[in-house]
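Single-structure report; data block below.
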Amino acid sequence: MNLRDFYLLAALIACLRLDSAIAQELIYTIREELPENVPIGNIPKDLNISHINAATGTSASLVYRLVSKAGDAPLVKVSSNTGEIFTTSNRIDREKLCAGASYAEENECFFELEVVILPNDFFRLIKIKIIVKDTNDNAPMFPSPVINISIPENTLINSRFPIPSATDPDTGFNGVQHYELLNGQSVFGLDIVETPEGEKWPQLIVQQNLDREQKDTYVMKIKVEDGGTPQKSSTAILQVTVSDVNDNRPVFKESQVEVHIPENAPVGTSVIQLHATDADIGSNAEIRYIFGAQVAPATKRFFALNNTTGLITVQRSLDREETAIHKVTVLASDGSSTPARATVTINVTDVNDNPPNIDLRYIISPINGTVYLSEKDPINTKIALITVSDKDTDVNGKVICFIEREVPFHLKAVYDNQYLLETSSLLDYEGTKEFSFKIVASDSGKPSLNQTALVRVKLEDENDNPPIFSQPVIELSVSENNRRGLYLTTISATDEDSGKNADIVYQLGPNASFFDLDRKTGVLTASRVFDREEQERFIFTVTARDNGTPPLQSQAAVIVTVLDENDNSPKFTHNHFQFFVSENLPKYSTVGVITVTDADAGENKAVTLSILNDNENFVLDPYSGVIKSNVSFDREQQSSYTFDVKAVDGGQPPRSSTAKVTINVMDVNDNSPVVIYPPSNTSFKLVPLSAIPGSVVAEVFAVDIDTGMNAELKYTIVSGNNKGLFRIDPVTGNITLEEKPTPNDVGLHRLVVNISDLGYPKSLHTLVLVFLYVNDTAGNASYIYDLIRRTMETPLDRNIGDSSQPYQNEDYLTIMIAIVAGAMVVIVVIFVTVLVRCRHASRFKAAQRSKQGAEWMSPNQENKQNKKKKRKKRKSPKSSLLNFVTIEESKPDDAVHEPINGTISLPAELEEQSIGRFDWGTAPPSTFKPNSPDLAKHYKSASPQSAFHLKPDTPVSVKKHHVIQELPLDNTFVGGCDTLSKRSSTSSDHFSASECSSQGGFKTKGPLHTRQDYMYLLKY
């Protein structure tokens, strides 16, 4: 065995292997002549094909495609979506489809087709065999419309004469079933003889004796019918001629003969010599050979019959592949009515005279004979279904198929004579653009015959390569203030594809409004003037897109850095900086920060600050912008400072700008209220008994050289108004009558008025005494001033008297005591001895007189005891101190009589002196009198500052408080707690920062006066 034989054998074995997974068969049976769109079958249902991908578990959409040859009129169609098979408008005619078939094959008329299932993951090749069943669509027909039969006149009754059989292209029950003789005239009858082959031969039966001399011709009709539904029939004229007698018919030696002849037998080759004999002699013995009426016309074309000799010869080239068996009926007639019949079966034997046939049916439709594939098509992409066949038989018909050379394609056997041409590897247009190869089919005959089919495959370029930039990141730099249209760079990209897939256009991405890009050349230019201060860096993308379908693209990042130029002057955040600092701020304290910016970069934005016109009151850090004070602030001396600041950058040439700075000195509550009116603490106002309620009887007016809330003042009566006869306006300081005075109200009234500011966080205040003398007249002013001097011995938190004329009663009591004391002295001098003896009795009488006088002079015993203490005080020297003051309150629930516990500095003796002067040079402008009192000089004495201790809203229990009080030499009084305003019948000072304590005297949170304060001298 040579190498070629071995190769052919291997290819044959490969062709015999079937892939059962993708090759299956279906057989359907239909009737001929069906109308269009009649369903024949359902491929997925009949083959139980699943639409689920076993690998992925997902549902797939299958495509069913009928494999057909170009130019063929398909008899059926296949739904690409459902796989259902339907008839088409092309008529399925069994007689036409199986024309020339032998009678043995008439029940097996069929045609075959192939259907492929796509995509590749579900690929199958379905071979479908459709058997076409006969339909009664043809009527039986006689060979001729007129049938002539000659019957000898001596024919015996019941003699039979054959009538040419009718033929029907239909088969089975639709074929010829019944003959009927019409108008037989009772002379003739009809009989049907069925042959072993199933043929029905009509025979004419002579039912009466014939006499040619009486009647030589009979004309009748013969009718033939098939067995179909509906039944079809036809008629022919049967003409019987009565002839002279010939009573012996020819006889063949063999009525059934079978012969074999090769298909390549030349024309004229003898097939068989038939021979028949006749016992008659003469003309009745002359035999003539003819083909029977049942011989097919095609058979008569291939073979010739000598009418005289009975020799059958080949008159046309035979082709076994066209007709392998020919059946020939030969009649031998001597002119009698009954010819002899012989059947000759001619078997045409095969010769290897046919090369293999390659039926190339494309699954992918070619264009001008060329299949176009995409380079992205996957492996095992189906291109064509190749069916190889050989009309020869046996070894001569065994065909192998292969591809002539090495290409990325292969043949995959699906049936014993069918192959799929599919790709065997991935295709690459950039590697090979076109393939041309031959498919070879070779049979196994001797010698072997071959057939080739040329396949041309061209690859279509797919857009599978995106454009590639030479640089993924493109960095550029350009100076600001450029000209429009300035060339920056050329951006380029390459594409490995070809044609339009390699045509690249460039496009700017977002954030690139400052740039223009030529879509074809990639030239990048500046479309606007850059300002680094607005945007220092531009980052955008450039897209390179090809013209493929779908287009592919890639991007490159473009970074454009704008270089700085010194085109911006330093810019202050404010054209006018205003800073607010508290007075008394220490020297070298930070008072503010100047903020300046420069939109440039680098040295162009390095800013240096300097002060232009400040007289060295402030120091400015040239880099941080911090302003520090070079002076101490006193708002009362200077409330603001203004100067200019200059900023210079480090550019070339340098740029500069200026701004104004104002330092505002904010007020601190460091000044107590200063009383302007009343002008003296010893003055008084006359309140006539005729005064009506609401009338102004006195006024208190004070000023505070602070500003804002620190200068807002509030007036309250904290003591001396236990009867609620008077009311002070908390804003104006006007003292008005609450009730009309009565005779019980006649006398001197001392009101302690607290004047407090609303400063925060600490409120400062001052106390002032207002004396009101209730009477119709004030004729004896000296007497009133004397009363005022005496009230100074009464603590401020106590009233100077409870009766309408307290101090008149007290003076009367004093005189009486003096008279009694004088009398007692005289009696003591005169009656010393008597007094010694009666010492005890004298003391008892003196005590009784004193007690009676005190009860008549004062309203209660407590006042009497206080008067005794005061008398003891008068006996002390001028510099003596009031050691204890007992304060007792009997009405804790009354807001007016709320207990006040305090330590108050009071003089031990009173003397008149002039009022000090107010310092108008440091006070804000006002309409106050320039001779207002100035108590600063008196405050410089060594006496301690008085303090009040109050706790707001704290109930005070009724108990005695012993307060040690040191009296200064000068009559100076300084108030320290505005919470005494709770003694007022109108309002209370809720802005006070003082506290009240029920355990001890009055005090404040801090010193009452932080500067040299102005106090009022209580002059009396």
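Yeah, the Cβs are placed from backbone N, Cα and C, and that goes for glycine too.
Note that the structure is predicted; figures quoted are calculated from it, not measured.
Listed in TrEMBL:
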type     : residues : note
COMPBIAS : 866-877  : compositional bias 'Basic residues'
DOMAIN   : 33-142   : domain 'Cadherin'
DOMAIN   : 143-252  : domain 'Cadherin'
DOMAIN   : 253-358  : domain 'Cadherin'
DOMAIN   : 365-469  : domain 'Cadherin'
DOMAIN   : 470-572  : domain 'Cadherin'
DOMAIN   : 573-675  : domain 'Cadherin'
DOMAIN   : 687-784  : domain 'Cadherin'
REGION   : 849-882  : region 'Disordered'
SIGNAL   : 1-23     : signal peptide
TRANSMEM : 812-836  : transmembrane segment
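Residue counts for the domain 'Cadherin' (470-572) under DSSP, split into helix (H, G, I), strand (E, B) and coil, are 4 helix, 48 strand, 51 coil. The DSSP breakdown of the domain 'Cadherin' (253-358), given as helix, strand and coil counts, is 10 helix, 45 strand, 51 coil. In this model, the domain 'Cadherin' (143-252) carries an average pLDDT of 87. Per DSSP, the domain 'Cadherin' (365-469) is made up of 4 helix, 55 strand, 46 coil. When the stretches 253-358, 365-469, 470-572 are ranked by Cβ pairs under 8 Å to the domain 'Cadherin' (33-142), first place goes to 365-469. Helix first, then strand, then coil: DSSP counts for the domain 'Cadherin' (573-675) stand at 4 helix, 46 strand, 53 coil.
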